[in-house]
Structures are given as structure tokens and as C-alpha cells.
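Single-structure report; data block below.
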Ligand code: SF4
Ligand code: FES
């Protein structure tokens, strides 16, 4: 098995961007519908995703398997690293440590979040149409809201900084100038995508989604 | 008069000591007379001459390594006030006191400040950081190197295998088999050489094995720490590019 760790690490880096990074972007934009167009917009977004062809295949090979590989191999990568930010207080070194910490936080957060939403749909406890109200229940609890903000910021930082590292690890940005400019772009991505997620969390906690939740509740009661 | 004032000025050192490779490290404090333009090595020489601790009790002389005394051999590398660097170019006048000396613990400590940097030489062997021209007959002159290339390649050739970049790297540790930045940059150097280039795949493949270039986590401490100003992160990214290309080429042509 010559070059196995080289291969695994390359795959780890690739999966972080394609498909996982792509998924984060789609997820951020779908959620943002909640802020821009309210419960109906969000429901439409969810509906669009659910009407994709071969959805289970997409989910398994496009999300679950890459996520598991990236997450578990990533934990191993984090375990293999020391943090020496005390001795070397450089921005990139902080980012190195932050990449590993946010990776672990994201790992926990994603499992928990998937359990609260997608798994509940699988279990039949809620329907896709009720995801908006599920998110309202979560986002209107102050503790959950803060935890979600931490989780979301970690995930988005991990993605944005990982994008920067991806460009280096694949030999796309080679010189210091290229790497500096790409770090500005990646910081921009971090701010933008974080804003999308946080605004949608704010929208989810709003009254509109409460009414939607009530409506859903009444609806189930009648049903 | 002037002499007494000079003689009363002292330099404080806190030195990490370790008697054997397995024993526990401990620290000892020394206070030695100041002389103008001292460097850390001359301080250590003074301690060797008169191995008396700051509290007046006798101790064994501190062990360290040094050769060139002009920052080209790398032998005297140690951690000075928290930063890995060469003791011979560390001027006492520019250091905050007490001056703390520790060995670079990324490497096995032999005694006191003496470390074993064998892993770096093994790394150079692993990536074949040389140009194979030995044979039974004269091969004649090799191809010429472009001057523009020579200029940046020369910078890479300044590496003295001192180990500072490995000491600063959070991924060089006993849980990780990462080869370290220095050897990766040497692959770039020897692959840039017109004759060395003829064996470039061998070196790239060495970087594509366990503990090779994939071990880099982009903390970029190495480039900030290298006393020779070698553009290590550029070398690593350039080798990332070459190994990636090599990977696809192999997939598509084999
Ligand atoms: S690259 Fe620089 S820091 Fe690393 S071993 Fe060579 S000279 Fe020392
Ligand atoms: S003695 Fe050679 S680098 Fe210091």
C-alpha cells in the first residue's frame, strides 16, 4: 500500500470542498430563503431539494459517506497535530489550530443537527413540511440559538479556511502573494456564508415561523 | 573605575539540563560576567570555564554543540527565549534576560542542549536529495541551468539542515511521521537542477508515501522561523503541485 496516507489525505482535502463545501453553500442559500421569503420561501427551498432525482443516492454518496470519511479521517489528522500557538503567535498558525478545533466542533454539531432534523424525518416524527417549525422551536430557545451560532460559525470557518488550504495542498496557489489574496477571498466567504446562516437562524426564531409552527400543529391536530 | 562597572554587569541564563537521553530535564540558573558583543555560545563557554551556578554551588559544565560560529552549519540550534534559532548568532545584547536555553525537544535530546538530528538526514536520504552522477566513466558536462532559475534555486541551497523548521512545525511530533519542511524544499531544489531533474519522479514519489508531503498542515511557522529565509511554504506548495500532477499522470498513463 505505497502512498496510502498521501492518497487518503488528498481525498480528505477534496471531499471537504467537493461535495461537502458545495453542500454547505446550497444549505446556506436554502436556509436564507427563510430570511428573504419567509416560511413559504423556505418550504419551497426544501421542496426543490426533495424533488431532486435519485435523492437517496445523492444523499448517501454526496453527503453521508463523504461526511463520514472527512469527519473521521479529520479527527485522526487533528489527533496527529500539536498546537504551538503559544510559542508561534502567527495568524496562519492560529488558523491551523482553529481549523482543528472547529473541525471537532463541527463534527459534533453536524451529528446533533442531523439527528434533530433529518433523522426525525426518517423516524417519521416530523415531515419535510414541518422542518421550518422544528427549526423555529430550536432557534427560539436562547441556549439552542447560541449553540447553533457556535456550530454554524465553526462549520463555516472550517470550510472557508479549508478552502484556502485546499488551494495550497493541490498546488493551485503556490507563491506568497497568491496565498495572501486567496486568504482574503476565503475570509470574505467566511463572512458572507456565516451571515446567510445567522440571518436564517434569526428568521427561524421569528414569529412568522411560530405561526407556521402553530398552523402545522393545528393541521396535525385536525388530521 | 570603568573596569569595575563593566565587571559588575552580569548576564543571567536559565539553562535546561538533562543528564541522559532518558532522564528528566531540570533547570539551572547561571549568572556570568558580561562582556561586550557576547553571543549565547560565548556565554556557554564561560559557564564551561567556570561551572558555578547563580547560587554559588558547583555543577557540571553545560553540553552544547557548535561548529562554524557563523550560522552556516546549524549545529548550535536550540530554543532561546522560546524561539528555535542558532545560538552563535543570538547576541546577548539583543536578548531579554534571563536568557532561557532549551534543547529543541522535537528531536531526541542526547544531553543538555545537544540533540540528535538524524531524522533530518534520514529524510534527505528518503527523498534522494542528491544528483546521481557517479559511474564508471565520465558522463561529460550536464545541461546548463538558466540563470533565472539558478537565482531562486540558490536560495533553497542555503538550507543547513538545522532543524528549526521542524521544531516550529506543529505536525512534526511523535504522533505524526511527517518528514518536515526542509526535505520537501530540497526535493524542489534537486528537481530544479537540469541533471537532478532526470530523476525527479523518484523524489516526488518519495514525497507521496506515508509521512511525506501530505503531513503538511499549512501552519506556515516554518517559513517564519527559517534563519536562512528559505521560502519553505512556496516550496511545499510547488511540490504539492508537482506531486498532484504526477499522481494524475500516473493514473492516466499506467
Ligand atoms: S529550511 Fe531553514 S529552518 Fe529548515 S533546516 Fe533548512 S535552514 Fe534550517
Ligand atoms: S555554530 Fe554553526 S550555525 Fe551556529
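Using N, Cα and C of the backbone, Cβ positions are placed for all residues, glycine too.
Features as listed in TrEMBL:
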- A:12-34: transmembrane segment (TRANSMEM)
- A:27, A:70, A:113, A:158: heme binding site (BINDING)
- A:54-76: transmembrane segment (TRANSMEM)
- A:97-115: transmembrane segment (TRANSMEM)
- A:145-172: transmembrane segment (TRANSMEM)
- A:184-204: transmembrane segment (TRANSMEM)
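Here the features listed in TrEMBL are painted onto the structure.
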| residue | record | DSSP (3 states) |
| --- | --- | --- |
| A:27 | heme binding site | helix |
| A:70 | heme binding site | helix |
| A:113 | heme binding site | helix |
| A:158 | heme binding site | helix |
### Task
For each of the binding-site residues (A:27, A:70, A:113, A:158), count the other CB atoms lying within 10 A of its CB, then report the residue with the highest count.
A:158
### Query
Of the listed stretches (A:12-34, A:97-115, A:145-172, A:184-204), which one yields the highest count of Cβ-Cβ distances below 8 Å with the transmembrane segment (A:54-76)?
A:12-34
### Task
Count the CB pairs under 8 A between the transmembrane segment (A:184-204) and each of A:12-34, A:97-115, A:145-172, then give me the winner.
A:145-172
## Note on the structure
Other than A:27, A:70, A:113, A:158, the chain contributes near heme (Cβ within 8 Å of their centroid) the residues A:20, A:23, A:24, A:67, A:106, A:109, A:110, A:155, A:159
### Task
Could you give the residue numbers and ranges of same-chain residues that sit at least 6 residues beyond the transmembrane segment (A:12-34) on either side and whose C-beta is under 8 angstroms from one of its C-beta atoms?
41-42, 44-46, 48-49, 62-63, 66-67, 69-70, 73-74, 77, 132, 135, 155-156, 159, 162-163, 165-166, 169-170, 193, 196-197, 199-200, 203-204, 209
### Task
Using only the residues recorded as binding heme (A:27, A:70, A:113, A:158), report the maximum Cα-Cα distance in Å, whole number please.
18
